[in-house]
Amino acid sequence: MQASRYSIEAEPGWYVSVQQPEEAVAAEEWSPLLSNEPRRQGSSGASFGLSVFNVMNAIMGSGILGLAYVMANTGILGFSFLLLLVALLASYSVHLLLAMCIHTAVTSYEDLGLFAFGLPGKVVVAGTIIIQNIGAMSSYLLIIKTELPAAISEVLPSDHSGAWYLDGQMLLIIICVGIVFPLSLLPKIGFLGYTSSLSFFFMVFFALVVVIKKWAVPCPLTLNCINAVFQISNATDDCKPKLFHFSKESVYAIPTMAFSFLCHTSVLPIYCELRSPSKKRMQNVTNTAIALSFLVYFVSALFGYLTFYDKVESELLQGYSKYLPHDAAVMAVKLCILFAVLLTVPLIHFPARKALMMILFSNYPFSWIRHSLTTLALNIIIVLLAIYVPDIRNVFGVVGASTSTCLIFVFPGLFYLKLSREDFLSWKKLGALSLLSTGTVVGSFSLVLIILDWVNK
């Protein structure tokens, strides 16, 4: 009865190929996620480039503004090591997700939870995605509400206080009705590749401005940069970069770094719509997106740190506002970052809506009415949270730390350990165990830091 051991009934939710190991690996790398030959023959499906832009948009958000502060508290080499480690772990966790999708023949994070732990597993994964993405979207909209009026007022030549376009709530509602809701209504995440490419170029522009402005801010820093441009001195301790630096502030860098490459809720929907989908092709999409995001992260953090050194603000643009208050490039990059954050909202809206639909309407066929009403309901919820819960980022700090840790580290490692038929001492299972352990430690550490921060305040 050797054959029965290799059937799908061998263990609920796990498919094991009857091919030889070498042949199985090769087939797995290039096997399609879905049996969709008619689609392959047509031109439908998102291209490799648009899929890369979508993954990068899912990765990069407002967190890029805090990375220079992280470098100041860890040192250049310490930051580089942590950033590279997190990027590799994120890539490996995506690798495990894709491998499980191939072997279980499912196409969603939620269904992986179903295969691993039954209906409770599916509900837990879907609930985690919904909470994480609603928290992220609300936080992004709160940034828009608080920062966009200030950015607009800096651009205007005279005082326009009291004008409707400087009212954060009014701007937020207009933007959500005119931009966020229409983009969120799109039925396929691949359609957002064009807006994601725009968001990525905004981030690249931000990094370029940070590089250029390194030579516009004097060192040692003075509040009157115009009169001190020629007083630049690298002879003082204030202007010497630290390769390694550890202090009590350094521990706060770990949660920020750990969540720098969170894209896992969007990876599988992007995978499903990829043209000629295969595990190898989607892994290349993910690796390309992570590598480009790593490059933008590192360049902006490095030159942001080398501009302000120990005086770098927790949000990098605040430093430029203080020392270059009327600089045209800085004002432009503020608007670009805000629009980049805005264009991320529809992308992370897609997995949240999908998770909600899978919990409530999994047995129903697609309906435009149901699709539109669910989209509208989610948009109303995140707008209300952004308007009426001013400390939304603090509220979702604890929840976000735990849900992000689960989605990046815990779930991929745990599901692989549960579903895999490999020997426990195999490299993949040991890697999955390491991922699970890392997630548990990072998640617990993040929660402790957030609670201590609340107590100190």
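Every residue gets a Cβ built from N, Cα and C, even glycine.
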Cysteine from CYS219, CYS225 that Swiss-Prot links to CYS239 by a disulfide bond: CYS219
Rounded Cα separation (Å) that holds between CYS239 (disulfide bond) and ASN284 (N-linked glycosylation site): 40
Most crowded position, judged by CB atoms within 10 A, among CYS219, CYS239 as disulfide-bonded residues: CYS219
Selected stretch (most C-beta pairs under 8 A with the transmembrane segment (192-212)) from 48-68, 112-132, 372-392: 48-68
Secondary structure at ASN284 (N-linked glycosylation site), reduced by DSSP to three states: helix
CYS219 (disulfide bond): secondary structure state under DSSP, collapsed to three categories: coil
ASN284 (N-linked glycosylation site) to CYS219 (disulfide bond) - Cα separation in whole Å: 42
Tertiary contacts of the transmembrane segment (171-191), as residues 6+ beyond its ends and Cβ separation under 8 Å: 45-46, 50-51, 54, 141, 144-145, 148-149, 165, 266, 269-270, 273-274, 342-343, 345-347, 349-350, 353, 366, 371-372, 375-376, 378-379, 383, 386-387
